[in-house]
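J.: Structure provided below as structure tokens; questions to follow.
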Amino acid sequence: MAEQIPLYPVRSAAAVAAANRKRATYLSAAGPGPGADRPSRYQLEDESAHLDEMPLMMSEEGFENDESDYHTLPRARITRRKRGLEWFVCGGWKFLCTSCCDWLINICQRKRELKARTVWLGCPEKCEEKHPRNSIKNQKYNIFTFIPGVLYEQFKFFLNLYFLIVSCSQFVPALKIGYLYTYWAPLGFVLAVTIMREAVDEFRRFQRDKEVNSQLYSKLTVRGKVQVKSSDIQVGDLIIVEKNQRIPSDMVFLRTSEKAGSCFIRTDQLDGETDWKLKVAVSCTQRLPALGDLFSISAYVYAQKPQLDIHSFEGTFTRVGLLDLELNQLTKALFLALVALSVVMVTLQGFAGPWYRSLFRFLLLFSYIIPISLRVNLDMGKAAYGWMIMKDENIPGTVVRTSTIPEELGRLVYLLTDKTGTLTQNEMVFKRLHLGTVSYGTDTMDEIQNHLVNAYAQTQCQAGGSSTASTPPRKAQSSAPKVRRSVSSRVHEAVKAVALCHNVTPVYEARGMAGETEVAEADQDFSDDNRTYQASSPDEVALVQWTESVGLTLVSRDLTSMQLRTPSGQILTYCILQTFPFTSESKRMGVIVRDESTAEITFYMKGADVAMASIVQYNDWLEEECGNMAREGLRTLVVAKRALTEEQYQDFESRYNQAKLSLHDRTLKVAAVVESLEREMELLCLTGVEDQLQADVRPTLEMLRNAGIKIWMLTGDKLETATCIAKSSHLVSRTQDTHVFRPVTSRGEAHLELNAFRRKHDCALVISGDSLEVCLKYYEHEFVELACQCPAVVCCRCSPTQKAHIVKLLQQHTGRRTCAIGDGGNDVSMIQAADCGIGIEGKEGRQASLAADFSITRFKHVGRLLMVHGRSSYKRSAALGQFVMHRGLIISTMQAVFSSVFYFASVPLYQGFLMVGYATVYTMFPVFSLVLDQDVKPEMAMLYPELYKDLTKGRSLSFKTFLIWVLVSIYQGGILMFGALVLFESEFVHVVAISFTALVLTELLMVALTVRTWHWLMVVAELLSLGCYMASLAFLNEYFDVAFITTVTFVWKVSAITVVSCLPLYVLKYLKRKLSPPSYSKLSS
């Protein structure tokens, strides 16, 4: 992960702290690790001789490159573009505009050439090039681009662009139909609401960015320490990072308060792993007497040019939901219907006179077929859904950060989730110890403690007796029960092996403030309450914490020794002779120690069962018990030992050192020497550790599976760990088989393994990131097709870029909606690539939650977010969108009938305020109240997640349902207009009064027909709209005959027309519910 960055001293050895763009790279610094002035045993073999040239930690996440992590992947298939008018209408105009803008941007802003950099120690002013600010910016616009940007986002939709053109046409006298406000008032209202909503969202993003960028850090200057904001850190600044403080940018590790220069770093924002990793500072700056000496030298870092690595991620600005795209397609269909209707009317006129002018006037008359209020109603509805989500007491702390896609929560087919911190708490707990003949669980740990007390009591008796008379103690020992002594001895050996075979270091807090020099031992508090453990793996910490709980405590450790405290308080000292760290290839780690009290040398080793099975002596229980623990979701480790004589160890050390000095095949020779010890080792025990799952993860995953959602787990963790969590969380059910995809490196291997996988049926897939990359390189389509058939997929060792790539592959190959959920900075790329991103605020910071569309506090909240709010948002928006279209279609049908009766004249039926009032005060509140409708209760939606499957098919909003609403609109519009024409007697103004009143009443009744669950606000909206219309009749003298509308004749005619237009629909709805009830109605009954 680190680059090779040489350090060039000018007068004497020095270094520089280089800070770069913050964006996603966050690390955590733990307290300095313990140590002395000995060379670190954690380093590579030759590090002690070349510490000055060791790789430094500097990520280049903030830079971009033309190259791609997956440049070898085949390019996506490019379909042949449509040409001509069809191409222009279907999006070609937008393509041309985008291409022109991109061309202008490329002309004005040349691509920045990436090159190597020289960064001077503590001297930002010496930088040869200008670097960007160290600030996070999630805002979409600035003060200059806000208005143009918002207008572009609105008018790129066909619906709004069409109405802009129609409104502008009213400035042409020959095309003018009515008053200007008839067209510009609705359009202005839509734009005003949109601009206000975007302004609120943008201000919230600004506040979140300001909070992060305003975090204070200590900056070292020649005058001492000063406090600076995170956004004010410059390249070349020297920054002091305290314990448990996030590292604010890409940095070079120069110095620590610990003598050996070691420090534990957590990289959770890079790879999602919350374990601590030991890093060593640059030795030449670490050796300086004081911090101030960093300014007395002159040095610089010469860093190679930025390279694209796993820290890079792609971002997206705007999300558009599937429902918006579907409605956009329907508006295009309405536009084609509008053009066709206008052409028919001109054709029936016989193309008399200036027919093209008549054609354009008909286009304007029927323009209400495409409702301008559709966008504003949907946007206001989405805002209401977001408010309901954030006010839901069952999912406290949920934040809606993108208010444009709540309906996406109801259309998801694939859920891609991170593991660490998302499904799990990353808190390991020791659960099981198995000795072959006896097993201990959490409820029998006190027995282990008793065995340990007895074992060490006998040891002390033997030690005390050996100084006086050796025989009596042996007789006393032989008189003890043989079985009990055997079990106590075995438990003692197992616990001691676990307490010694690890890489854990106990750390103690200082009593006072740490100064420039190291804290003296007198100022350290060595009590148990003040001790914490740090290690490269949380499993290791869990094991050491367990040995402490049963009485054998790790109290100190340095580079060459460690000390244990027995239950009686005795301190046992062990000299560390050799350490063999864990690697993904060996799957085991070992340590050789010498007991300073007895001079016994013991080789302890622990590892995965697949690696240890051939190393330990023959047994008949290991394989079976490992399988049992794995089925319980426990992470197993096999622990073994081998006693060595002094001669055996000296022989091994000689061969080991010789192998390390070999110039050829050094790694193989070293491994061969170590393997010479790994023979016929005594099997001591099998341990089981559980990575605690988040609360209610199992029922939530089961609910999602029952809802038809396929779950993929993408993690940067090891294969064994990922598989274990997949089983313990029930992501993979106990009855399902698991196919572990073998590591492949070539096309032939990938071909064979894919064929082997193809023969498996209904089994979960587990694959590593390296093998995945090879498969996608040669067999992308085949692999995705096979993987999509699996009930669950686990991808381990995935980089952030790979996670995002998998999301895009699913979108391209399946066309289904995807959702990504994570909690760390390494999940941001995946979250932003998905159609819907959910971030969890957890231990890995807030970066994922800030970049996501929805932020939650617990994984279990996903269930209610999708089953209840996703369902409601989608069903409500589908009903709302189609009803608004119906409202425009019905009045356009009436206009068409009116023009046909009066010799195809292009004269408007309703003018002025009637048209504006119809779409606003007369029908707006009842129509918008559909956002409160629900088909099933939230409790029912959670109890029967199978209902969610119907949503993914998109049946609530489709061309079929759209066609039904079109037919309903044509029927009702025809009845209203023909009825008014048949029933009116003398004056034309009576036609307007009868038809418009019946139209308003019909719309109010249709809302009542559409509602499935009444809310008191719906009743208020209906009565309020009816009251507004009745009250306005007194002021509409220009359009109505007030004397006529107060007569009984007017009332019965309006009532008769309204009943004829609505009653048949009520009958049909009743019959449909009786003969073919929907699934949710069966549950409700």
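Cβ atoms here come from the backbone N, Cα and C positions, even for glycine.
TrEMBL does not curate its annotations; it predicts them automatically.
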J.: Looking at the candidate ranges 148-170, 884-906, report the one that TrEMBL labels transmembrane segment.
T.: 884-906
J.: Can you tell me which parts of the same chain pack against the transmembrane segment (962-982), counting only residues 6+ beyond its ends and a CB-CB cutoff under 8 A?
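T.: For the transmembrane segment (962-982), the far contacts come to 330, 333, 882-883, 885-886, 889-894, 896-898, 901, 991, 994-995, 998-999, 1002, 1006, 1053, 1056-1057, 1060-1062, 1065.
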J.: Looking only at residues six or more beyond either end of the transmembrane segment (1016-1036), which have a C-beta under 8 A from one in the stretch?
T.: 913-914, 917, 921-926, 928-929, 932-933, 997, 1000-1001, 1004, 1007-1008, 1042, 1045
J.: Using a Cβ distance cut-off of under 8 Å, indicate which of 358-378, 912-932, 988-1009, 1042-1068 has the most pairs with the transmembrane segment (181-200).
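T.: Against the transmembrane segment (181-200), the leading stretch is 358-378.
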J.: For the ATP binding residues given in the record (Asp418, Lys419, Thr420, Glu540, Phe582, Lys606, Arg635, Thr715, Gly716, Asp717, Arg797, Lys803, Asn826, Asp827), what is the largest pairwise C-alpha separation in angstrom?
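T.: If we measure all Cα pairs in Asp418, Lys419, Thr420, Glu540, Phe582, Lys606, Arg635, Thr715, Gly716, Asp717, Arg797, Lys803, Asn826, Asp827, the largest is 32 Å.
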J.: Which residue, of the binding-site residues Arg635, Arg797, has its CB surrounded by the fewest other CB atoms within 10 A?
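T.: Per-residue Cβ counts within 10 Å for the binding-site residues Arg635, Arg797 bottom out at Arg797.
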J.: Relative to the Cβ of Phe582 (ATP binding site), which residues of the same chain, six or more apart in sequence, are found under 8 Å away?
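T.: In sequence order, Asn503, Ser537, Arg588, Met589, Gly607 meet the Cβ cut-off.
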J.: Looking only at C-alpha atoms, tell me how far Arg797 (ATP binding site) is from Asp418 (active site, 4-aspartylphosphate intermediate), rounded to the nearest Å.
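T.: Given the Cα positions, Arg797 (ATP binding site) is 11 Å from Asp418 (active site, 4-aspartylphosphate intermediate).
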J.: What count of other C-beta atoms do you get within 10 angstroms of the C-beta of Asn826 (ATP binding site), across all chains shown?
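T.: 31, counting other Cβ atoms within 10 Å of Asn826 (ATP binding site).
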